[in-house]
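Undergrad: My questions all concern the structure below.
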Ligand code: ADP
Ligand code: MG
């Protein structure tokens, strides 16, 4: 907490020159304690309810701005009184869930899936931001929130972060996380026992429903009808619903239209495969979580791992854990040689599973623009061919993180400056062309 206390103190120091002496003396002259920081929110203890009210109303914006200035990070601030601290500590002491709440309301959230631990990058930023807003104002911003994307890209993490955030704000809220398979199973049991009381109590008497991997409802007509009723009841009562899926709602197969069209009522956000930089950031965050000093872990080793595991964050994380384990038992430093040794088997498996390799990227880009692989690899300069070629170069760079010379080799031995130029051109055009934006996003979806 020391680090945050320092940020707070520095921020207040700066605030001094931005507000009147009188206001400063009134609200900030006695030092305030940062109680905790959770989910990007700084909890600051104030003297009483009146002070809390005044600070919230008149100084919140300034304080948040100053904190951003000194820390370079957008923390939210929540002013709390000692009452809050007391309750919170009691809740901590209990470590057990509130005995009055059925266990499925709390017990099935993974408490490590928080916004804090989620790295937002180009590939997921929109989904992250919407999820955060939904968590701040459940039932108001986007209902349902529908998050979709490939395997291991953070859908479950983000969905549970919403639940954890809401619980944090209000420990008695009833959050139900379940996979659609669990829903199917529960419904089947209710039917077999001809007892729907408990089922309805569980799924309808809640504040937030997080339903994971909805695609598995496919072909289960009866369960779909039941889910439709559950959805309507929650929706009509302004209860937040969050859904994840491996594809957009409109592409769901064998799920009734009246259901999929409801999924489109709120907001849909997709998560794509993270680019190299984001993969590196994710690893850094995991290392911090493992209390490993980043200075011990050379950037080149991170880059190396990021270049080898590029399609699934879960696999990336697994590789990193394995390397840490390997280094610990061998008592050795983190080097590329060690990574090579520790991860050899995983490389093979990854190559087999990953759709993100240069040949496949060229193939998919070719299919998208109706240009043959041979033409992309050729020297032809026809406009549409050259364009598809550059898109393929760009995606290869972004998704595999390979060096320019290495990509050059894969593109019939082109010079690295040609690759660089191609990537820059697409990057520039991306800022202006919605069509290209959509193409890149579609292609990333295909490749994940
Ligand atoms: P999905 O549900 O999309 O298959 P998960 O949410 O289970 O994926 O994520 C797989 C693993 O990768 C989890 O351990 C999760 O914490 C991690 N992960 C995925 N994306 C991120 C991210 N952007 N930042 C940090 N960790 C991530
Ligand atoms: Mg999942």
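Heads up, the Cβ atoms here are built off N, Cα and C, so glycines get one too.
The annotation region 'Domain I, interacts with DnaA modulators' is assigned in TrEMBL to 1-92. What TrEMBL records for 141-270 is domain 'AAA+ ATPase'. Among the features that TrEMBL reports, ATP binding site is placed at 152, 154, 155, 156. For 328-448, the entry in TrEMBL reads region 'Domain IV, binds dsDNA'. Look at TrEMBL and you will find 357-426 tagged as domain 'Chromosomal replication initiator DnaA C-terminal'.
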Undergrad: Using a 10 Å radius around each Cβ and counting other Cβ atoms from all shown chains, which of the binding-site residues 152, 154 yields the largest count?
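TA: Ranked by Cβ atoms within 10 Å, first place goes to 154.
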Undergrad: Using Cβ-Cβ distances, find the residues under 8 Å from residue 156 (ATP binding site) that belong to the same chain and are at least 6 apart in sequence, listing them in sequence order.
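TA: Listed in sequence order, they are 113, 212, 244.
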Undergrad: Residue 155 (ATP binding site) has how many other Cβ neighbours within 10 Å of its own Cβ?
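TA: Around the Cβ of residue 155 (ATP binding site), 25 other Cβ atoms lie within 10 Å.
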Undergrad: Note the Cβ centroid of 152, 154, 155, 156, the recorded ATP site, then list each other residue of that chain whose Cβ lies within 8 Å of it, in sequence.
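TA: So the extra residues in range turn out to be 149, 151, 153, 157, 158, 244, 271, 313, 314.
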Undergrad: Using DSSP, how many residues of the region 'Domain IV, binds dsDNA' (328-448) fall into helix, strand and coil, respectively?
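TA: Per-class counts: 94 helix, 0 strand, 27 coil.
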Undergrad: Roughly where does the domain 'Chromosomal replication initiator DnaA C-terminal' (357-426) sit in mean pLDDT, to the nearest integer?
TA: 94
Undergrad: What binding-site residues among 152, 154, 155 have a C-beta sitting less than 6 Å from any atom of ligand 2?
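TA: Correct list: 155.
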